[in-house]
Amino acid sequence: MTEAGLTVSSGGATGGSKRLRGYRTMPPLPERPGISAPDAPAEPPARLGPNQPRLALSGLILIVPLFVLLAFGAGGPERSLQILAPVTTFALPPIAMVAFYWEDWPGSSLRAGWAGLTDTLLLVVAALVLSVVGQAVVAEVDLPALFGAGHVAMFPHTMPLAAGAFTVILQLTLVTEGWPLRGLGRVRSGIVALLISWVIGAALYFTLLDVHGEPAAAPGGLHELSGPVAPGAYGAWLTSVGAWQLVFFLALRGRPFSGIRRRAPRLLAGNVAVIACGWVTYLILRHGLDWTPNRVFAVCGSVIAAILVVAMLFEAWPWTRLFSPLPGRLSVLITALVLTGVLYGVLSAVAQHTRWSHENPDDWIGYAVLNALGMSVILHVAIWRRWPVATGTTGNKTT
């Protein structure tokens with residue numbers, strides 16, 4: 001299994017030349033995602049990730065330009081945040097569906113390259129459709145506002161809804177192991193997971209958020225809500241929870257919960273721990289350190305992006321080759337924390353030399369690390385299967 005939790009029977013997540021022809025030929029989803037399964041103790045550490053770091057470094061040739069395009073390409077950092085952040089955030093739940101449930105289908109039935117292109121086009125369409133649905137939920141459908149001025153700006157007003165749906169689908173998929181949805185089959189389980197994440201995300205939006213400041217009677221005006229939580233604080237809390245989702249279920253590969261053999265207590269412990277740790281982290285950063293919600297969002301987003309780079313792109317190299325599973329995983333986490341500081345520091349320096357008219361620089365940093373960098377890593381590894389870097393390889397089996 002790869003760090004994305006994907007099967008390697010079709011040539012691996014690194015983009016082998018053997019493709020599964022058609023949905024019916026694909027094996028059923030395993031009961032438990034590989035990303036949260038314990039490391040195989042019998043596998044020699046020296047055999048893990050044999051093609052690293054070459055694959056990861058080669059992948060950066062594609063990831064870095066995509067990052068630059070998303071972070072700066074719409075006319076600078078501020079305009080990219082305003083225009084691209086909402087649509088790319090609405091793309092994240094469908095990306096999770098294709099990566100974790102469909103496992104590259106329908107692209108898996110095509111040749112490498114065409115597979116990634118097909119899946120990417122499907123995700124672009126899904127992102128646009130969900131963006132319009134998001135408009136309808138928070139205000140009214142306003143197509144010109146998707147990429148420009150409208151009655152209600154997509155950023156920041158639709159962001160809490162999209163971020164909530166993505167956090168929920170990760171909780172369902174990683175923490176709850178996709179149970180019981182994985183028994184429905186690949187396509188149906190993914191669609192149901194996406195629908196559930198949207199229903200819960202919308203319920204949280206309408207129940208928790210305090211939304212004011214736009215004339216509700218005006219055409220396209222925001223639907224006013226009187227919940228207890230400000231949108232910025234809600235986004236910061238979601239990102240804190242997301243950071244712990246990846247700490248436990250990507251950096252640590254399900255530890256310590258993967259050692260619990262019975263499913264019910266394992267899922268209960270994982271869900272309680274992730275939400276509790278996310279909540280405590282938010283309280284410490286927000287009230288203990290007196291950080292703004294924007295900074296909490298940016299720093300926790302940097303944690304998420306760093307874990308994706310270290311554990312997914314580099315497949316935990318070199319630590320799981322040098323050490324046994326637990327010390328190796330702890331080393332992965334430490335490396336990710338160091339990279340977190342580097343990412344936030346570098347992007348903060350960029351933001352300080354940028355002229356800002358309306359938006360908070362930390363919001364751009366959070367967008368840059370999560371959507372521009374993190375999403376690029378997921379697309380390259382889990383959707384494109386590292387094509388064209390790994391074309392013709394047999395793929396890696398990693399912890």
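Using the three backbone atoms N, Cα and C, a Cβ is placed for every residue, glycine included.
Feature annotation from TrEMBL assigns region 'Disordered' to 1-49.
Sequence annotations record features per position, and here TrEMBL assigns transmembrane segment to 55-75 (among others).
The transmembrane segment annotation in TrEMBL covers 81-102 (among others).
Among the features that TrEMBL reports, transmembrane segment is placed at 114-138 (among others).
Counting residues 6+ beyond its ends, the transmembrane segment (158-179) has Cβ neighbours under 8 Å at 5, 29, 31-33, 35-36, 85-86, 89-90, 92-93, 96-97, 100-101, 130-131, 134-135, 137-138, 189, 193-194, 196-198, 200-202, 204-205, 209, 231, 234-235, 238-239, 241-242, 245, 248-250, 263, 267, 270-271, 274 in the same chain. Residues annotated as transmembrane segment in TrEMBL: 158-179 (among others).
The transmembrane segment annotation in TrEMBL covers 191-209 (among others). For the transmembrane segment (191-209), same-chain residues at least 6 beyond its ends with a Cβ under 8 Å from one of its own Cβ atoms are 93-94, 96-97, 101, 130, 133, 137-138, 160-162, 164-169, 172-173, 178, 181, 184, 225, 227-231, 234.
The feature transmembrane segment is assigned by TrEMBL to 229-252 (among others).
The annotation transmembrane segment is assigned in TrEMBL to 264-284 (among others).
Sequence-distant contacts of the transmembrane segment (296-318), counting only residues of its own chain at least 6 positions beyond either end whose CB sits under 8 Å from a CB of the stretch, comprise 2-4, 48-49, 52-53, 55-56, 59-60, 63, 232, 235-236, 239-240, 242-243, 246-247, 250-251, 281-282, 285-286, 328-329, 332-333, 335-337, 339-341, 343-344, 347, 362-363, 365-367, 369-370, 373-374, 377-378, 380-382, 396, 398-399. The transmembrane segment annotation in TrEMBL covers 296-318 (among others).
For 330-352 (among others), the entry in TrEMBL reads transmembrane segment. Within the same chain, residues 77, 247, 251-252, 298-299, 302-303, 305-307, 309-311, 316, 319-320, 322-323, 361-362, 364-365, 368-369, 373 sit at least 6 positions outside the transmembrane segment (330-352) and bring their C-beta atoms closer than 8 Å to a C-beta of that stretch.
Sequence annotations record features per position, and here TrEMBL assigns transmembrane segment to 364-384 (among others).
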Distant-in-sequence neighbours of the transmembrane segment (55-75), which means Cβ under 8 A and at least six residues beyond its ends: 14, 82-84, 88, 313-315, 317, 364, 367-368, 371-373, 375-377, 379-381, 386, 389-390, 396
Same-chain residues at least 6 beyond the ends of the transmembrane segment (264-284) whose Cβ lies under 8 Å from its Cβ atoms: 171, 175-177, 179, 236-237, 240-245, 247-249, 254, 257-258, 296, 300
Close approaches to the transmembrane segment (229-252) from elsewhere in its chain (Cβ under 8 angstroms; 6 or more beyond its ends): 3, 35-36, 156-157, 159-160, 163-164, 166-167, 170-171, 174-175, 208-211, 270, 273-275, 277-279, 281-282, 285-286, 292-294, 296-297, 300-301, 303-304, 307-308, 310-312, 329-330, 332-333, 336, 366, 370
